[in-house]
Amino acid sequence: MKPVFEHPWNLNEAEALVLQQQLAKKVIAQDALSDIKYIAGCDVAYDDKNDLQIAAVVVLDSGTLDVVETSVVQDVSHFPYIPGLFSFRELPSLAKALDAIKTIPDLIVCDGQGIAHPRRFGLACHLGVLFDIPTIGCGKTRLHGQSVVPGLKRGDHAPLIDNEEIIGNVLRTQGNVKPVYVSVGHKISLKTACDWIIKLSPNYRLPETTRHADHAVRMALKRE
């Protein structure tokens, strides 16, 4: 799986900020999906001892949620940890993992933010724009915006708001558990994104895409 749009990665912080603001204009925050047969989850973990990062992409069957294919790569990050510029640190490794898969997903769920971001361009947006694929940001924690606490039932949600703009939903995927933070990545509406996150979370707080990708990187770290 190859990106349809590429840009340099050897950027400093100021250059990355400018590029982020430019690419944010390319985000499509409405449904532009075909039939969803395969859904991928992605995650990155860090091996600080060996100065490595492990990136995983796991492709699931959208109907059964069974794992179809897994790709795991080791890489070295060349961009420092800077809040709000997370994608410049992790996406080069994820792109290598995506390059290795044979089963092309119709939708990708990122363990991170989409437009629920100070400049409306989190990891899910960046990946979606580069690969021209529908993406969803599903974060464990809030990066940006304010909301009230959603109801306690599965499916309850509250809008995540920044400057009177709805940038995501705080979504309860299971009753009486902590919510997740869902936002548009690319080529999908917020409602459809939330519907998919609920479908992908039949038993646990986190969607199966995230759970399998997280498991893949953890197992790879144990082997190091």
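Glycine residues also receive a Cβ, built from the backbone N, Cα and C atoms like all the rest.
Database features, via TrEMBL:
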BINDING   Asp43, Asp111  Mg(2+) binding site
SITE      Tyr81  site 'Interaction with target DNA'
Residues satisfying Cβ distance under 8 Å from Asp111 (Mg(2+) binding site), sequence separation of at least 6: Gly41, Cys42, Asp43, Cys138, Gly139, Lys140, Thr210, Ala213, Asp214
Residues satisfying Cβ distance under 8 Å from Tyr81 (site 'Interaction with target DNA'), sequence separation of at least 6: Arg89
